[in-house]
Every structure is written in C-alpha cells, then in structure tokens.
Amino acid sequence: MSKYIMALDQGTTSSRAIIFDHSGNIVASLNKEFTQIYPNPGWVEHDPMEILDSQIEVAKAVLEKTGIKAEEIAAIGITNQRETTVVWDKNTGKPVYNAIVWQCRRTAPICDEIKSNGFDKEILKKTGLVVDAYFSGTKIKWILDNVEGAREKAENGDLYFGNIDSWLIWNLTGGKAHVTDYSNASRTMLFNIYELKWDKDILEYLDIPESMLPDVKPSSYVYGYTDKSIFGVEIPIAGDAGDQQAALFGQTCYDKGMAKNTYGTGCFMLMNTGEKAVPSKNGLLTTIAWGIDDKVEYALEGSIFIAGAAIQWLRDELKIIDNSPQSEEYAQRVSDTNGVYVVPAFVGLGAPYWDMYARGAILGLTRGVKREHIIRATLESLAYQTRDVLEAMQDDSGIKLSALKVDGGASANNFLMQFQADILGVPVDRPTVIETTALGASYLAGIATGFWSGREEVAKNWGVDRHFEPNMDDETREKLYAGWKKAVERSMNWAD
Ligand SMILES: Nc1ncnc2c1ncn2[C@@H]1O[C@H](COP(=O)(O)OP(=O)(O)O)[C@@H](O)[C@H]1O
Ligand SMILES: O=P(O)(O)OC[C@H](O)CO
C-alpha cells in the first residue's frame, strides 16, 4: 500500500518537501522560501518557528496537491542545512534565541581565541574540522554566554541543542526523540569522528553541558514516528543526514574516490573516502559521510560559503536580474567578463582559504563594464571556487577525477556548467534528478524501512541528463584562473 517516500529538505533559503516513487523519480515537489535575518553585518539568523511551520506546511501541501494519502508514504527522510544552531527549552518547546545560521560570523572572536591558545590543533585532530565560525560549537557557546538565563537553564538540564534535523525530528515526533545522525554530529565541532562520541575536552573548553546534546544515531534508522496530529497517521522518520552528505548518497557515490559538487546557496564538494578518514593538507575538512548499520564512512569536503547566494544577491540587492535562471541569458550575451572578477566573500571565505575576515569584491572595473559582465563574472566565480577545492581534493586524495557529478539549484545553469568543465579541464555530468539532496534522504529512509533493499538497488536509478565536455585551450584556462587567484588575494583579511 505504501508506494512513496517523502523527503523534507530544509535548506538555507527554503523548506522543501519532495515525494519520490520507487524508481527515484520526483512525483511532486513544493518549496517555500523563508525570512533571512541580518541583525548586524556578517550576522545571519533564521526563526526556528518559521522553519518548522514552513516545513510542515509544504509537507502537507505536497500531499494535498497530488492527492497522495499520508498512509501511502512508507517513510520520511530528513535532510538539512548543516551547522545552523537552535537551542530550545525542552519544557516549553520554545527556542531561547533565533537559529544562528552556518554563514554567521559573530563567533569569529571565539575562534580567534581558540587559535591563539593552540587548541585548534586538538580540535582538528579530533573533529576533522578547521576552527571557524561556520560550525555549531562556538554558536552554542555564544547563546549560552549572551542570552539572559540560558546558561543557568542549560546547567539545570532544561535546554536542548540541535541542528535543524534535530529541531525538526523533535517537533515532528511530538517531543519524543532528541536525536541526530553521525553526519550532522560531525559538523558541530564537538564530535570526535574517530571515537564516535561527543568530545568531553572540547565540551569543557567551550563550557557546554553534555545534557544539551542529542543522541547520535545512524543516518538510515527509525528515529521515531510523526505525531498523529500532523498527518493524521504516524509515519516513520527513517533517514537523517546533513544536506551535503545526503547529496553524496543521492548521487550514489558509494565507492571510495567518487565525488559530487552541489551548487545551492553555497557550493560543497564531497569525496567518499570509504571507511578511512583522510586528513587534509590543503584546507579541506574531514567529515563523516554517513553511518549505516553501525559503521561510518568518511568524506573529504571543500566547503564554499557563497555560490547560488551570489546569484540571489544579483536579484535581490543589485536588482540586475529578475530571477536566478535569467543569469544564464545575460551571461551569454557577452563573450567574456571584460576583465572583471567578482569574489563573493560575503561571509568570509571557506575552503581552502579559511579567512573569516575576507569580504566580497568586484575587481577590474573599467568604463566599458556592463551589467552583463558583472552577471557573467558572478557566475564564473562559482566555477573558480570549485576549481580551488577540486585541486585541493585531488592532491589530498591522490585521485584524479575523470568527471565531476553536479547537482543543486544552480547546476541547472548550462552556461555555468560549461564554464565549469572548461575551467577545470574535467568533464561535468549532470544527472536527471538534480534534487539529489532530497533523493539521498529518501534513499536513507527507504533503505531503513525495506522500501529499497540497499545501495545496489538504488544505484541503478542514477542517469545522466547532460554531459559537459571541456572546450577551452590550456593557455586561456590558466590565464583566467591566475586572474581569479589575484582577485581572491585582494579580498582577503578585509573586515576588522
Ligand atoms: N538557473 C540558475 N542559475 C544560477 N543560479 C540558480 C539557478 N537556479 C537556481 N539558482 C540558485 O540556486 C540556489 C537554490 O538552489 P537550492 O539547491 O535550492 O539551494 P538551497 O538548498 O541552498 O536552498 C539559489 O541560491 C539560486 O540563486
Ligand atoms: O542550504 P545549502 O544547500 O546551501 O547547504 C548548506 C550547508 O549544509 C552548509 O554547511
């Protein structure tokens, strides 16, 4: 009777519900954008209640739109913007503060202090992460130190911390399950990715009570059931993974050396490194890909903070395009950027630079520069940033990619994908389903509940929509890329 799986994909800019059938095809999808809150320069917040409401609203609406009954949903898979931090009172269910978003830079001074004490080396060794305001640990500390009464409540055991996955699961199960999965835990900067437990030394250093933290479970596992009041029936919640790890799973990168790049708000390249965690020499992160059947697999990750968000900036702040897809048409009206580079370091730079104080820059402006050039340069910046992390990844892993699998909203842009192949000198493969984040969460939930037998079965669903072959001579490629490196240098170490 149950014919479908529903994925709830809670991203940085929108909450999405997608229903998949047994062949991994999208039956229906709905999404809702929600408010981005910028209280100070470099600060980013979300309202956890708006996130929860928008997520439940699209889940109900997608069922209504298709006429599919809740009984026909075999399981729900959750996937989420990672690192974003919610702290709530477990007695009232109310957040004590807005969610502090992964992009938020407010905890840069805490990170500087960690580095000046040399504790960053210990953190890197235990968590695989470069100390940065990106991760949840310092965000929790900031809330406990700055929200009146929060520390006292936390010490009394009244507060829960969660990334968005935990916040959603706790609410969807009617407050029964306070859980997360290995992939999300590995993004908190509090989880020892080798011993697979919360790290007492880091918790002590940051003064975070362990009682706030969720139980860590596999990524494909029945965490609980939706409260009857939501869909009228109880549906198992059986998949949970951070959105980038879910995309790796949805792209069926199940073997060591397989990699994908997701072009959403940010851009995240992950390579499966199997049962071995590979430390990086080049500013990449070592992270948990997923935990299945009590075993974890690891990945190397290049995290780029601003990708599609730069296209939204062209739309919402500069107002030089009406919608994101229009960027493709404008970019193709000119044959190059007229020497312009856009470095979208709006919230600092992630991999491989890790500069919390870098800020955005437009370089190479002359009087002949038109909006088409700026739009094209903004799109090209996604491809240059990807080359930065691909080079680091190939060096760390010793593996040369024969093709790069892509997905996410901005991978629909053909100009960008062709330029990407050109600037990498590596072919780019776009699959038929570019909503691989949601697909991966569905696979995890479907595998846990027997809807699919396992990875071998779902791997058969992957197919190419379009292959982009590099078509640029080496000299042009290297000249353009050298210009990018020069532009990045100018944007670094800017903010106080
Ligand atoms: N055709 C396009 N060209 C360029 N960017 C696009 C295009 N379509 C969507 N985007 C960008 O992709 C992002 C949305 O992708 P999505 O995968 O939904 O992201 P997220 O999960 O981070 O919310 C937005 O930032 C949007 O600007
Ligand atoms: O919302 P996305 O898809 O850009 O993903 C955000 C990442 O999970 C941040 O680490």
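Placement of Cβ uses the backbone N, Cα and C atoms for every residue, glycine included.
Under the heading domain 'Carbohydrate kinase FGGY N-terminal', TrEMBL lists 4-250. What TrEMBL records for Thr12, Arg16, Thr265, Gly308, Gly409, Asn413 is ADP binding site. According to TrEMBL, the feature ATP binding site maps to Thr12, Thr13, Ser14, Thr265, Gly308, Gln312, Gly409. Per TrEMBL, the feature sn-glycerol 3-phosphate binding site maps to Thr12, Arg82, Glu83, Tyr134, Asp243. Residues annotated as glycerol binding site in TrEMBL: Arg82, Glu83, Tyr134, Asp243, Gln244. According to TrEMBL, the domain 'Carbohydrate kinase FGGY C-terminal' annotation covers 260-448.
Sequence features, as recorded in TrEMBL, placed on the structure.
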residue : record                               : DSSP (3 states)
Thr12   : ADP binding site                     : coil
Arg82   : sn-glycerol 3-phosphate binding site : coil
Tyr134  : sn-glycerol 3-phosphate binding site : coil
Asp243  : sn-glycerol 3-phosphate binding site : helix
Gln312  : ATP binding site                     : helix
Asn413  : ADP binding site                     : coil
Cβ neighbours within the same chain of Thr265 (ADP binding site) - under 8 Å, at least six residues apart: Gly11, Thr12, Thr13, Gln81, Ile306, Ala307, Gly308, Ala309, Gln312
Nearest recorded site to Tyr134 (sn-glycerol 3-phosphate binding site) by CA-CA distance, among binding-site residues Ser14, Arg16, Asn413: Ser14
For ADP: widest Cα to Cα gap among Thr12, Arg16, Thr265, Gly308, Gly409, Asn413 in Å: 20
Inter-residue Cα distance where the pair is Glu83 (sn-glycerol 3-phosphate binding site) and Gln244 (glycerol binding site), in Å: 12
Entries of Arg82, Thr265, Gln312, Gly409 (binding-site residues) sitting next to ligand 1, with Cβ under 6 Å as the cut-off: Thr265, Gln312, Gly409
Rounded to the nearest Å - Cα separation of Arg16 (ADP binding site) and Asp243 (sn-glycerol 3-phosphate binding site): 12
Candidate binding-site residues Ser14, Arg82, Glu83, pick with smallest Cα gap to Gly409 (ADP binding site): Ser14
Sequence-ordered binding-site residues from Arg16, Tyr134, Asp243, Thr265, Gly409, Asn413 with Cβ under 6 Å of an atom of ligand 2: Asp243, Thr265
Distance in Å spanning the most remote Cα pair of Arg82, Glu83, Tyr134, Asp243, Gln244, given for glycerol: 15
Binding-site residues compared (Thr13, Gln244, Gln312) - highest count of Cβ atoms within 10 Å: Gln244
Cβ-Cβ distance under 8 Å to Asn413 (ADP binding site), same chain, at least six residues away: Pro325, Ser327, Glu328, Leu379
Cα distance (Å, whole number) from Ser14 (ATP binding site) to Asp243 (sn-glycerol 3-phosphate binding site): 13
Least surrounded among the binding-site residues, given as Arg16, Arg82, when other CB atoms within 10 Å are counted: Arg16
Residue with minimal Cβ packing [other Cβ atoms within 10 Å] among the binding-site residues Thr12, Ser14: Ser14
Lowest local Cβ density among Gly308, Gly409, which the record lists as binding-site residues, within 10 Å: Gly409
Model confidence over the domain 'Carbohydrate kinase FGGY C-terminal' (260-448) (mean pLDDT, whole number): 95
